[in-house]
Ligand SMILES: O=P(O)(O)OC[C@H]1O[C@H](OP(=O)(O)OP(=O)(O)O)[C@H](O)[C@@H]1O
Ligand SMILES: NC(=O)CC[C@H](N)C(=O)O
Ligand SMILES: [Mg+2]
């Protein structure tokens, strides 16, 4: 998952973009970048690292201008080289800078078309660079230096026809304005906000509403699936539905894990959906485990806390923060390699022995993906003297790869793939394991906005909403992106050309 932001302002935007990215950091910890437009020139700073490490005062001073976009990256295609950090840039037509959250499922075929038909050069293995070139190709046919909203929306409609997969994007077009759009299924989120100033209205788009809150913009609405928003440099907003048959089917994993609880996505409070997940799972535990003597409910910080508290309320048992989280270690699931993820769990979480000693504990997590966290946490609970260790997951078993912007490309790396609950329980060494039912998960989220009847649930049921994902596709991405392939790839990453300015060292001060 990545975080994207874009602002057309009346005052310089770099600080607001930076602040917006810091509150979207949970969506991507690998790389960050900002592009601003000033006097017909792009100013770019991007590199690997957290937002706070990528932008120093010397960079911020150079990111001048009233229009800009930003990105926090979690790679799902290509490599994690800084050359694939976003925003990307093309000089023709107009000069376009671009940031993308999601993942294209037909990148393979598109690459051929972009190279052979459009005769455009793609310098990285990133699907986002490809997508930028497809947009550029569509805008290339427009006449004149000033684009009309109609021309822009036509180009987006053509892009929708060509590309498949998940995409929420924002682009800055020199001499024109900011363009943002969302894929026809609305798999990845995108919110629109507005701020009134004495000089006129400013507009902002962001992956999550929390970024709007953080910089003082008022949430206006979610960008609809398939819809494009175009804000001119002068600050005039245009919008249009550009997809033929849009369907609102947001990714349910945003609610389970990715998004911040204080965000609203498609009219749904992420926090309220997690409370509902806790309620449903608590009821299932009460039904199916009535014979178990659970003494205490303990969350696995941080995402599962809201779910665990509600389970404790349902079961009328105490809720205790038995694990302390090191606030300086980020999210482990979105770290790039399994070795790093494994090491980080113990560095990130430490047990308070008195909460475990001699007790039957129910540990609650939002999800079990590779089992990295659950296995180690159960071991820590036992080391702290727990009597029985039960485990509950607020999401059902994850048995299928994700192809829409979550880096789970290989079924073999998923602990639930090809295994029954007893086998998973044995692997993570739990005394009992229980998962949320898929129906309950969907209801937990959908009852907060009855207008949404479908969700993208492929990781649980293998039903890929874009309809273009088959066995051979999954085999191909597994071969390209499983742990072994990524480790082999990292050997060659050092030699990647890094074609972007303001990189480390090139601006000493
Ligand atoms: O089964 P696994 O492969 O370990 O993945 C699942 C775990 O990873 C995530 O935590 P993470 O540490 O990323 O973030 P959090 O602090 O937001 O819970 C998620 O909340 C689970 O705890
Ligand atoms: N998680 C994402 O949204 C990733 C965006 C893009 N596919 C990349 O790998 O950079
Ligand atoms: Mg977690």
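Including glycine, each Cβ sits where the backbone N, Cα and C put it.
Here is what TrEMBL says about this protein:
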| type | residues | note |
| --- | --- | --- |
| DOMAIN | 2-234 | domain 'Glutamine amidotransferase type-2' |
| ACT_SITE | 2 | active site, nucleophile |
| BINDING | 303, 365, 366 | Mg(2+) binding site |
| REGION | 483-509 | region 'Disordered' |
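Other Cβ atoms within 10 Å of the Cβ of residue 303 (Mg(2+) binding site), summed over all protein chains shown, number 22. Distance noted between the C-alpha atoms of residue 2 (active site, nucleophile) and residue 303 (Mg(2+) binding site) is 17 Å. Checking the recorded positions 2, 303, 365, 366 against ligand 1, the ones with a C-beta less than 6 Å from an atom of that molecule are 303, 365, 366. Highlighted in sequence order, 256, 257, 299, 300, 304, 307, 364, 367, 393, 394, 395 have their Cβ within 8 Å of the centre of the Cβ atoms of 303, 365, 366, the residues recorded for Mg(2+), and are not part of that set. Here the binding-site residues are 365, 366, and the one whose Cβ sees the fewest other Cβ atoms within 10 Å is 365. Taking the Cβ of residue 2 (active site, nucleophile) as centre and 10 Å as the limit, one finds 27 other Cβ atoms among all the protein chains shown. Highlighted here are the recorded positions (2, 303, 365, 366) whose C-beta falls below 6 Å from ligand 2: 2, in sequence order. On the 0 to 100 pLDDT scale, the domain 'Glutamine amidotransferase type-2' (2-234) averages 96 in this prediction.
Taken residue by residue with DSSP, residue 365 (Mg(2+) binding site) is part of a strand.
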